[in-house]
Amino acid sequence: MEEKQFAGILNGAVPGEPVKKDENSRRGNWGNQIEFVLTSVGYAVGLGNVWRFPYLCYRNGGGAFMLPYFIMLVFCGIPLFFLELSFGQFASLGCLGVWKISPMFKGVGYGMMVVSTYIGIYYNVVICIAFYYFFLSMTNLLPWTYCNNPWNTPDCSGVVSSGHQFNASLANATSSLVAGVSEVVNRTKRTSPSEEYWKHYVLNISDDIGNFGEVRLPILGCLAVSWSVVFLCLIRGVKSSGKVVYFTATFPYVVLTILFIRGITLDGAINGIKYYLTPQWQKVLDAKVWGDAASQIFYSLGCAWGGLITMASYNKFHNNCFRDSIIISITNCATSVYAGFVIFSILGFMAHHLNVPVSEVADHGPGLAFVAYPEALTLLPISPLWSLLFFFMLILLGLGTQFCLLETLVTAIVDEIGTDWIIKNKTVVTLSVAIAGFLLGVPLTTQAGIYWLLLMDNYAASFSLVIISCIMCICIMYIYGHRNYFKDVEMMLGFPPPLFFKVCWRFISPVIISFILIFTVIQYKPITYNDYVYPGWSLAIGFAMALSSVVCIPIYALYKISKSPGATFRERLKAACRAHPKWGPALQEHRTGRYAPMASEDTVEARPLKERDELKEEQKEKEKEEGKEKEKERKDEISLTIQGSNGSTNTHNNPNPSA
């Protein structure tokens with residue numbers, strides 16, 4: 001019996017309850033649990049693992065960044081990941097609907113939607129640039145190989161000599177490489193052909209964030225392609241995206257492994273890996289490093305975006321989301337570190353041949369993926385093939401995250417409206433959100449687009465995520481009550497949350513997040529891009545974007561309090577914080593214990609089959625017992641009526657002797 005119960009727990013079922021399908025016919029569920037895990041891995045493992053994580057390591061002292069990163073992962077990332085998965089799965093609702101737990105905090109859900117909107121807009125622009133590079137790689141010669149193009153400047157100097165023809169033997173590439181490096185060493189300033197291709201051709205970057213210039217039509221076309229792919233993959237919601245992730249979530253690992261094997265065999269790769277792993281401990285004292293670590297955890301795992309709640313809401317009620325949260329979090333972390341080896345082995349290779357430190361071989365920001373790697377790929381045999389693989393991997397990594405961002409917004413809208421028409425026509429909502437996302441992304445395809453992209457990346461998805469996560473923890477643990485939530489998780493999983501997670505949810509995670517927020521504000525430094533310093537008005541827009549998601553919380557709280565019943569402010573506040581009567585499992589068969597309706601004849605039919613039969617039997621037995629008691633009382637009354645004091649029938653005190 002114990003073995004069966006243990007097996008049931010591993011399968012995500014409550015001990016003693018038979019395993020059965022509990023398909024939510026109204027909202028739908030994942031086809032199987034693998035689809036949910038792969039989708040969550042694709043959501044968590046995105047462009048940030050290849051583009052953002054190595055960039056943050058490079059900016060924050062190499063291996064020194066690992067310490068705050070892993071501390072944030074253990075004490076904030078994984079606990080919050082499990083919290084959000086269990087939150088969404090228990091209620092089977094999106095990031096707005098779940099706040100029936102405490103209606104006053106529904107503004108947190110709106111804040112999550114705002115964050116997902118910002119990220120979804122600029123994230124797809126990065127994907128579209130990857131599409132652009134992917135299409136341009138379909139050639140015999142990569143266009144960023146040499147410096148003899150119209151967009152190149154006199155400062156351009158490639159690692160492959162321009163006199164060396166592409167059709168020459170690859171075995172003689174070393175001699176041309178040495179010639180190119182000698183030319184580089186003799187220059188005081190060096191820009192690579194890939195860097196100039198990125199700045200002067202792909203972006204045609206303007207000199208100021210306010211100078212939009214013209215729309216880059218090739219990038220705009222790729223943006224349309226990117227949004228079209230996302231829409232088609234989500235045309236049937238999780239039913240269609242769940243099938244796509246079998247490829248989009250697994251193939252990037254194949255490409256990463258190929259690039260890793262190739263990277264570590266190159267000269268100088270060990271120097272890049274040393275720079276990646278060797279800590280610069282003085283940077284650990286900088287709050288910006290810790291802030292970046294916390295931000296990267298939220299950015300990479302997807303905490304506070306609303307996506308985790310949304311994806312988990314399509315799970316079956318008794319799915320073991322605790323197991324899933326550990327698997328997905330560790331996979332995400334391992335992928336980030338693994339991708340760092342791939343990136344830094346190439347950076348070490350570049351630094352070795354240019355005879356410069358590793359820190360000088362790439363620009364900050366997304367240029368790491370669109371400048372350093374493309375240049376390194378020109379040195380490899382059959383370089384267009386490697387380029388196709390690399391940018392196809394970036395596309396797949398980005399799409400996996402973009403699927404969930406779009407589904408988060410669509411699910412929130414559909415759940416909030418909740419009519420039969422909107423549920424049947426969910427595809428129309430998906431198309432509308434996709435079109436809106438495309439139109440809002442058009443300014444990022446202009447000549448000033450890269451400035452706005454980095455502004456959104458640094459402000460829209462930074463400290464606002466920290467605030468949202470902290471408030472979510474406080475609401476669930478202290479407003480709703482930690483004991484109530486622990487009982488909810490136990491009812492869902494069949495076992496209570498481990499002690500470590502209880503402590504993190506209640507104390508450690510909120511405290512660490514609060515201190516990180518304080519230190520980040522104290523040691524704030526304005527954003528820059530290379531030598532360009534952002535003007536004050538643009539920074540004000542950045543802060544406005546960051547605050548726009550956070551300000552939803554107090555505004556909605558005040559609105560809810562004003563609409564709540566009560567004579568005094570305190571009574572209204574209590575009413576606004578109290579859980580909604582509909583809070584709890586979505587399906588009636590799971591609403592047991594304190595969520596069970598009254599055992600009347602009308603509600604018996606809403607119970608699970610097993611409990612329904614038991615209730616009917618109990619009611620029948622109760623009716624029989626009541627019938628026996630009434631019959632006995634009737635006999636006693638008749639007996640007393642017959643045996644009066646004078647031997648005659650006494651009807652004065654009992655006008656209805658037969659009652």
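Backbone N, Cα and C atoms are what each Cβ position is placed from, and that goes for glycine too.
The model shown is predicted, which means the values in this text are computed figures rather than measured ones.
The Na(+) 1 binding site annotation in TrEMBL covers Gly42, Val45, Ser300, Asn332, Leu397. TrEMBL lists Ala44, Asn49 with the feature Na(+) 2 binding site. Taken from TrEMBL, the feature disulfide bond applies to Cys147-Cys156. Sequence annotations record features per position, and here TrEMBL assigns transmembrane segment to 36-54, 66-87, 108-135, 217-235, 244-264, 297-314, 326-351, 385-406, 427-453, 459-482, 503-524, 536-559.
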Tertiary contacts of the transmembrane segment (459-482), as residues 6+ beyond its ends and Cβ separation under 8 Å: 76, 80, 83-84, 87, 101-102, 104-105, 108, 111-112, 115, 118-119, 122, 291, 294-295, 298-299, 303-305, 502, 505-506, 509-510, 513-514, 516-517, 520-521, 527, 542-543, 545-547, 549-550, 553, 577, 579
Rounded to the nearest Å - Cα separation of Asn49 (Na(+) 2 binding site) and Asn332 (Na(+) 1 binding site): 8
Outside the transmembrane segment (326-351), six or more residues from its ends: residues with CB under 8 Å to it: 37, 40-41, 44-45, 48-50, 53-54, 57-58, 66, 70, 73, 77-78, 81-82, 159, 253, 256, 259-260, 263-264, 266-276, 300-301, 357-358, 360-362, 368, 372-373, 375-376, 379
Nearest-integer angstrom distance between the alpha carbons (Cα) of Ser300 (Na(+) 1 binding site) and Cys156 (disulfide bond): 35
Residue from Ala44, Cys147, Cys156 whose C-alpha is spatially nearest that of Leu397 (Na(+) 1 binding site), among the recorded positions: Ala44
Intrachain neighbours beyond the transmembrane segment (66-87), with Cβ under 8 angstroms and 6 or more residues off its ends: 57, 98, 101, 277, 279, 284, 289-290, 293-294, 296-298, 301, 303-304, 308-309, 312, 321-322, 324-326, 328-329, 333, 337, 469, 472-473, 476, 488-489, 492-493, 497, 500-501, 504-505, 508-509, 512-513, 516
Remote residues contacting the transmembrane segment (385-406) - C-beta distance under 8 A, at least 6 residues beyond either end: 39, 41-51, 116, 119-120, 123-124, 126-127, 130-131, 133-134, 137-138, 142, 226, 229-231, 233-234, 241, 244-245, 247-249, 251-252, 255-256, 258-259, 262, 302, 305, 307, 310-311, 369, 373-374, 377, 430, 433-434, 437
Distance [Cα-Cα, Å, rounded] between Cys156 (disulfide bond) and Val45 (Na(+) 1 binding site): 35
Cβ neighbour count (within 10 Å, all chains shown) around Ser300 (Na(+) 1 binding site): 26
Residues from the same chain, set at least six apart from the ends of the transmembrane segment (427-453), whose C-beta lies under 8 A from its own: 117, 120-122, 124-126, 128, 203-206, 208-216, 219-220, 223-224, 227-228, 230-231, 234-237, 365-366, 406, 409-410, 413-414, 529, 532, 534, 538
Winner by Cβ contact number (other Cβ atoms within 10 Å) across the recorded positions Val45, Cys156: Val45
Stretch of maximal Cβ-Cβ contact with the transmembrane segment (244-264) [cut-off: under 8 Å; candidates 36-54, 108-135, 536-559]: 36-54
Sequence-remote partners of the transmembrane segment (36-54) [C-beta within less than 8 Å, at least six residues beyond its ends]: 30, 123, 126-127, 238, 241-242, 245-246, 248-250, 252, 276, 296, 299-302, 307-308, 311-312, 314-315, 319, 324, 327-329, 331-332, 335-336, 339-340, 342-344, 366, 368-369, 393-394, 397-401, 403-404
Remote residues contacting the transmembrane segment (536-559) - C-beta distance under 8 A, at least 6 residues beyond either end: 104-108, 110-112, 114-115, 118, 209-210, 451, 455-456, 458-460, 462-464, 467-468, 471, 526-527, 576
Distance from Gly42 (Na(+) 1 binding site) back to Cys147 (disulfide bond), taken between C-alpha atoms, in Å: 37
Most Cβ neighbours inside 10 Å, all chains, among the recorded positions Cys147, Leu397: Leu397
